[in-house]
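K.L.:
After the structure tokens below, expect a handful of questions from me.
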Amino acid sequence: MTLTVNGERVALRARTLAEALEELGYGEERIATALNETFVPAVARETTMLEDGDRLEIVAPRQGG
Amino acid sequence: MPIYYGTQIDSPLMLGTAQYPSPAVLAEAFRRSGAGIATVSVRREARGARAGDGFWALIRELGVHILPNTAGCHSVREAVTTAQMAREIFATDWIKLEVIGHSDTLQPDPFGLVEAARILCGEGFKVFPYTTEDLVVAERLLEAGCEVLMPWGAPIGTGLGLNNVYGLRSLRAHFPDLPLVVDAGLGLPSHAAHAMELGYDGVLLNTAVARAGDPAAMAEGFARALEAGRLAHGADPMEPRDMAAPSTPVIGQAFLS
């Protein structure tokens with residue numbers, strides 16, 4: 001299926017959010033996710049199923065004011 | 001020293017972590033300022049970049065409290081989702097809530113701010129709302145569950161100082177026991193001293209330090225000004241008056257004319 005990950009279209013084999021993060025290479029990084037503009041906590045990644053066209057945001061710590 | 005949501009902080013300074021020339025300069029600015037709180041954000045992470053992990057390690061080494069923000073959010077939904085992601089990443093319920101209402105002035109959207117604050121307080125967040133000095137908005141934010149208010153001094157990044165001293169003083173007078181922090185718009189240590197002289201509990205700034213020619217020196221300058229202002233407020237300053245009044249005794253002056 002094809003997802004939009006951080007604004008870019010990406011083809012993935014993954015069926016769950018956890019599989020997608022693994023396939024994308026995020027591994028053990030300190031990240032948080034939102035699927036279709038809704039926060040998905042880390043504990044729910046394995047049970048969160050993806051659908052073609054989903055929009056996934058992956059964020060990490062950054063500088064801020 | 002200020003107490004935010006039951007946590008006492010040993011400095012009135014909240015310092016941002018953006019725009020420094022290098023991580024080493026950032027760390028030195030924090031060391032010389034004695035800031036007790038660092039503001040941070042969440043942003044998109046590119047595949048394989050691992051930039052977040054490096055920044056997280058740097059922040060942990062500072063040994064300060066972390067205050068994530070929702071900077072750049074223009075809608076309630078954006079701000080709420082960003083806050084939820086920040087809570088997970090930084091492992092804190094604290095959130096500096098920004099809902100921006102205008103892209104030129106970066107001023108808060110008070111309507112969206114109150115709505116987002118109500119949602120987040122209901123989810124157990126400890127909300128630090130970036131707001132205007134408007135008294136009615138302040139009351140709505142307190143009704144929503146906020147226990148700290150952070151009115152702006154001037155638009156973010158302008159360095160103009162306290163644009164509405166009357167409004168800030170009025171807010172302080174109406175909420176004598178509420179932690180109040182001037183957030184944004186400060187450019188010089190004298191601005192920070194002024195905020196403390198008004199009885200504010202602290203200031204939040206970033207650009208004034210990070211974009212100074214010598215950020216660490218400026219950070220220390222702010223720290224000293226904050227202390228000066230805090231002492232002055234506690235010392236019960238004199239009332240200004242229009243007419244001059246001699247400070248040197250008149251009685252006993254030699255008659256020489």
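In case you wondered, yes, glycine gets a Cβ from its N, Cα and C as well.
Below are the features I grabbed from TrEMBL:
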type: DOMAIN; residues: B:5-249; note: domain 'Thiazole synthase ThiG'
type: ACT_SITE; residues: B:Lys96; note: active site, schiff-base intermediate with DXP
type: BINDING; residues: B:Gly157, B:Ala184, B:Gly185, B:Asn206, B:Thr207; note: 1-deoxy-D-xylulose 5-phosphate binding site
K.L.:
Would you count the other CB atoms within 10 A of the CB of B:Ala184 (1-deoxy-D-xylulose 5-phosphate binding site), including those on all shown protein chains?
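P.N.:
The answer is 26.
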K.L.:
Reported as an integer number of Å, what is the Cα distance between B:Thr207 (1-deoxy-D-xylulose 5-phosphate binding site) and B:Lys96 (active site, schiff-base intermediate with DXP)?
P.N.:
17
K.L.:
What's the CA-CA gap between B:Gly185 (1-deoxy-D-xylulose 5-phosphate binding site) and B:Lys96 (active site, schiff-base intermediate with DXP) in angstrom, rounded?
P.N.:
16
K.L.:
State the Cα to Cα distance, in Å, between B:Gly157 (1-deoxy-D-xylulose 5-phosphate binding site) and B:Lys96 (active site, schiff-base intermediate with DXP), rounded to an integer.
P.N.:
17
K.L.:
Work out the three-state DSSP category of B:Thr207 (1-deoxy-D-xylulose 5-phosphate binding site).
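P.N.:
The three-state answer is helix.
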K.L.:
Which value in Å gives the longest Cα to Cα span across the 1-deoxy-D-xylulose 5-phosphate site residues B:Gly157, B:Ala184, B:Gly185, B:Asn206, B:Thr207 as recorded?
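P.N.:
It comes out at 9 Å between the most distant Cα atoms.
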K.L.:
Take every residue in the domain 'Thiazole synthase ThiG' (B:5-249), average their pLDDT values, and give the whole-number result.
P.N.:
96
K.L.:
Under a criterion of Cβ-Cβ distance under 8 Å and sequence separation of at least 6, what residues of the same chain contact B:Asn206 (1-deoxy-D-xylulose 5-phosphate binding site)?
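P.N.:
In sequence order, B:Leu15, B:Gly16, B:Thr17, B:Ala18, B:Gln19, B:Thr39 meet the Cβ cut-off.
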K.L.:
Can you count the other CB atoms that lie within 10 A of the CB of B:Gly157 (1-deoxy-D-xylulose 5-phosphate binding site)?
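P.N.:
Summing over all protein chains shown, B:Gly157 (1-deoxy-D-xylulose 5-phosphate binding site) has 16 other Cβ atoms within 10 Å.
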K.L.:
Among all the protein chains here, how many other CB atoms are within 10 A of the CB of B:Gly185 (1-deoxy-D-xylulose 5-phosphate binding site)?
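P.N.:
Taking all protein chains shown, B:Gly185 (1-deoxy-D-xylulose 5-phosphate binding site) has 24 Cβ neighbours within 10 Å.
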